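Student: A single structure is presented below for examination.
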Amino acid sequence: MRKGVLKDPEIAELFFKEDPEELFIDLHEIGHGSFGAVYFATNAHTNEVVAIKKMSYSGKQTHEKWQDILKEVRFLQQLKHPNTIEYKGCYLKEHTAWLVMEYCLGSASDLLEVHKKPLQEVEIAAITHGALQGLAYLHFHSLIHRDIKAGNILLTEPGQVKLADFGSASMASPANSFVGTPYWMAPEVILAMDEGQYDGKVDIWSLGITCIELAERKPPLFNMNAMSALYHIAQNDSPTLQSREWTDSFRRFVDYCLHKIPQERPAAAELLRHDFIRRERPPRVLIDLIQRTKDAVRELDNLQYRKMKKILFQETRNGPLNESQEEEEDSEQGSNLNREVDSLGSIHSIPSVSVSTGSRSSSVNSMQEVMDEGSPELVMMQEDEGTVNSSSSMVHKKDHVFVRDEAGHGDPRPEPRPTQSVQSRALHYRNRERFATIKSASLVTRQIHEHEQENELREQMSGYKRMRRQHQKQLIALENKLKAEMDEHRLKLQKEVETHANNSSIELEKLAKKQVATIEKEAKVAAADEKKFQQQILAQQKKDLTTFLESQKKQYKICKEKIKEEMNEDHSTPKKEKQERISKHKENLQHTQAEEEAHLLTQQRLYYDRNCRCFKRKIMTKRHEVEQQNIREELNKKRTQKEMEHAMLIRHDESTRELEYRQLHTLQKLRMDLIRLQHQTELENQLEYNKRRERELHRKHVMELRQQPKNLKAMEMQIKKQFQDTCKVQTKQYKALKNHQLEVTPKNEHKAILKTLKEEQTRKLAILAEQYEQSINEMMASQALRLDEAQEAECQALRLQLQQEMELLNAYQSKIKMQTEAQHERELQKLEQRVSLRRAHLEQKIEEELAALQKERSERIKTLLERQERETETFDMESLRMGFGNLVTLDFPKEDYR
């Protein structure tokens, strides 16, 4: 989606549709930062006073700027707390987002700027209390501010403390981005990319630094280069309060906030119960502080206004002031200004505007314009008011006009209209009571000027932060890529394992089906063989029976014939008796044959049953052998499959191990490359900073050398004036002495006395002239020597400072490199332990599976043999009951398949 084109309904809901240029009027610039400017404005429909932060998302890094805007809007929409800035809405206009928020008087940093001295401890406690309540709310919802400092803690008219500027905030905790303002950054933020993540405890560190800022007018290390400050924070001990005037409770609170180890740092909710926060303080402490600050701002602006008015009137009457008049006027006004400010208890402070682009340090600050309607001499300024305020878009383009003053300073004397140039300078201090503020116009102008002047340093820090974020994105992208590669690798291995398992299952199913088919086939063959065997026995027995019967018939005939012959030979026996004896003999023979036949049939039946039983036992034994062969084949197949599976798992483990080592090497190589690039950039930035400082010092020295003749001329004129005064004194003394001598000496000696006095005067003037020349030469030489010595001392001090900063950078980089190498070593050891443990688990699993398989083999074979043995015993017992003897001799020998 093109930036700013609201095609996505979710994004479109973040912005209002009205035209902000028509909705908001009377815009005045009240702050400036890297993102753009902050304006005071009025809602044309409701007359509500608001603050507007304009953020452009065109130019370089458009996508990044647009994403920052979306993130800040989403973040602000979530906030509903008395100690966070109230969000009014966001509008889009010509590649610029108008972020509208409630208007506040100014920031805690402005208090230091106006009063030019540290705040009182009760005032710091009150401001810290409000900030902690806001932080507790953010941290409860897993939000991190990441840019807590005095410039981002705002104050309202009723004395309410508000957290503002959520451009650096994170909607996720923990986070690991390099964001914030250098001097307030927690160590874990600086080392976030190198050592891991951080949470809301970073805001607690920044709050501790802010307490030092409010107590000492500037954060620790503020006199140091911002980059060097980062290196210092990352590797040195936590800062502490320097002055001994603070209470032990305050000291403990600051030390508690600034624990180096985040886990030892307290949470915001815990700090709210600290003695420093809970102790009693006046309920109006912040309201009184704000009122004193507003009075001081009004007085400062009125002093500036009177200075401009005096210059304006002086120019109107006498023309432009000469140089000496201007210097004298500046000196006078400066002393007046100092007297007025000191009467309010104020001293100067270091500006809190951050040099960091990412910090978005310009808070929603504010200022006040007051208008003296009773000053007739300002009528011509009021006539130009329409020109100045006719267009809000012109206000911040024309010299950053900030105007204010107070009634009661008017001069009723009519004056002629001043020149246009002086009038434009006076426009800065016109009197119109437009809005209340605790920030003076000169402070706003100075901050805007500093923002323009520090662009190079700000761009350097912005580039450094951008590089750190880019490095982090590269690492995250690589980690995601490697994770996807590992997931794909594991999925591939898992599929291979599943395929092997499926194939093994299919093979076992095929084997089982094959074995079932073989058993069925063997059963059919056995049934057929048994039937054939039975038929063979029956056929043989039938044949034997037929032969036996035929033999009996022959024997019967032979016996019958033999008996007949015997009877025929015996003539003594009656015929009837013979017939009876023959019949009886025939019956006996038939009976004997019948018994023999029955015996034969019995023997045949017994033989048939015994042989059938024996054949069945042989079939059973053969079936047992087939079952043993089948189970042996199945178990061998399972063992082969399991061995193949184990070989595959070992191969998978080795390939995974190789991939893990390769990925770790790739990740560590990229990390080291990025660290080297980061260190190279840091070194280049430091060298560039060194050159810039040397150039600035050189320019300063050149300006001093150029200014020296003018200074020497002024000193020479001063010595000359002293010489002239001395000459005048001597001339007066000469005249007085001459008159006295002429009065006390005769007239004829007057000529000689005059000559003597003239010679004495000439001699003394010559000595005086020589002293004058000598004084000039000594002054010239001493000033030149003093300038050379001062410049040389400055050069030496700068070289020493830059050398210390370079040593600090080298120490920081060495520490980071050592920490990274140690981290890599830990990662390698952790990987080795994980790989070793995984291999041990795999080998243990293989052993357990092989043992389980062997146990299954033994149990199944044992179960089979026991079943077969029981079946054989049952068969033999039944055979015994059937009257058959031991059939084992006819059985096949058993084999031990175990």
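Here, residue 1 is simply the first one shown, and the rest follow in order.
Even glycines carry a Cβ here, placed using N, Cα and C.
Sequence annotations record features per position, and here Swiss-Prot assigns active site, proton acceptor to ASP147 based on sequence analysis. Marked as ATP binding site by Swiss-Prot: ILE30, GLY31, HIS32, GLY33, SER34, PHE35, GLY36, ALA37, VAL38, LYS53. Here Swiss-Prot flags 452-502, 548-649, 753-871 as coiled coil, drawing on sequence analysis. The compositional bias 'Low complexity' annotation in Swiss-Prot covers 349-366. The annotation phosphoserine is assigned in Swiss-Prot to SER324, SER331, SER343, SER346, SER349, SER359, SER442. Annotation comment: Swiss-Prot describes THR357 as phosphothreonine. Feature annotation from Swiss-Prot assigns N6-acetyllysine to LYS830; the stated evidence is similarity to another entry. The region 'Disordered' annotation in Swiss-Prot covers 316-372, 405-424, 565-596.
Each of these features: where is it, how hidden is it, and who are its neighbours?
Tutor: When Cβ atoms from all protein chains are considered, those within 10 Å of ASP147 (active site, proton acceptor) total 29, not counting its own.
Under the DSSP three-state reduction, ILE30 (ATP binding site) is assigned to strand.
The coiled coil (548-649) scores a mean pLDDT of 86 in the predicted structure.
DSSP gives SER442 (phosphoserine) a helix state.
Long-range neighbours of LYS830 (N6-acetyllysine) (same chain, six or more residues apart, CB within less than 8 Å of its CB): none. Look at LYS830 (N6-acetyllysine): DSSP puts it in a helix.
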Student: Indicate whether VAL38 (ATP binding site) is helix, strand or coil by DSSP.
Tutor: strand
Student: Using a 10 angstroms cut-off on Cβ to Cβ distances, just flag whichever of ILE30, VAL38 is the loneliest among these binding-site residues.
Tutor: VAL38
Student: Distance between VAL38 (ATP binding site) and SER442 (phosphoserine) at the Cα atoms, whole Å?
Tutor: 16
Student: Any idea what the Cα distance is from GLY36 (ATP binding site) over to ASP147 (active site, proton acceptor), rounded to a whole Å?
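Tutor: For GLY36 (ATP binding site) versus ASP147 (active site, proton acceptor), the Cα atoms are 17 Å apart.
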Student: Between the recorded positions ILE30, HIS32, ASP147, which lies closest to SER442 (phosphoserine), Cα to Cα?
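Tutor: Checked the recorded positions ILE30, HIS32, ASP147; minimum Cα distance to SER442 (phosphoserine) goes to ILE30.
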Student: Between HIS32 (ATP binding site) and ASP147 (active site, proton acceptor), how many Å separate their Cα atoms?
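Tutor: It is 16 Å, counting Cα to Cα.
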Student: Reported as an integer number of Å, what is the Cα distance between ILE30 (ATP binding site) and ASP147 (active site, proton acceptor)?
Tutor: 20
Student: Hey, what's the Cβ neighbour count for SER442 (phosphoserine) at 10 Å?
Tutor: 19
Student: Out of HIS32, GLY36, which of these binding-site residues shows the lowest number of other CB atoms within 10 Å of its CB?
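Tutor: Sparsest of the binding-site residues HIS32, GLY36 by Cβ contacts within 10 Å: GLY36.
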Student: What does DSSP give as the helix, strand and coil breakdown of the region 'Disordered' (565-596)?
Tutor: 27 helix, 0 strand, 5 coil
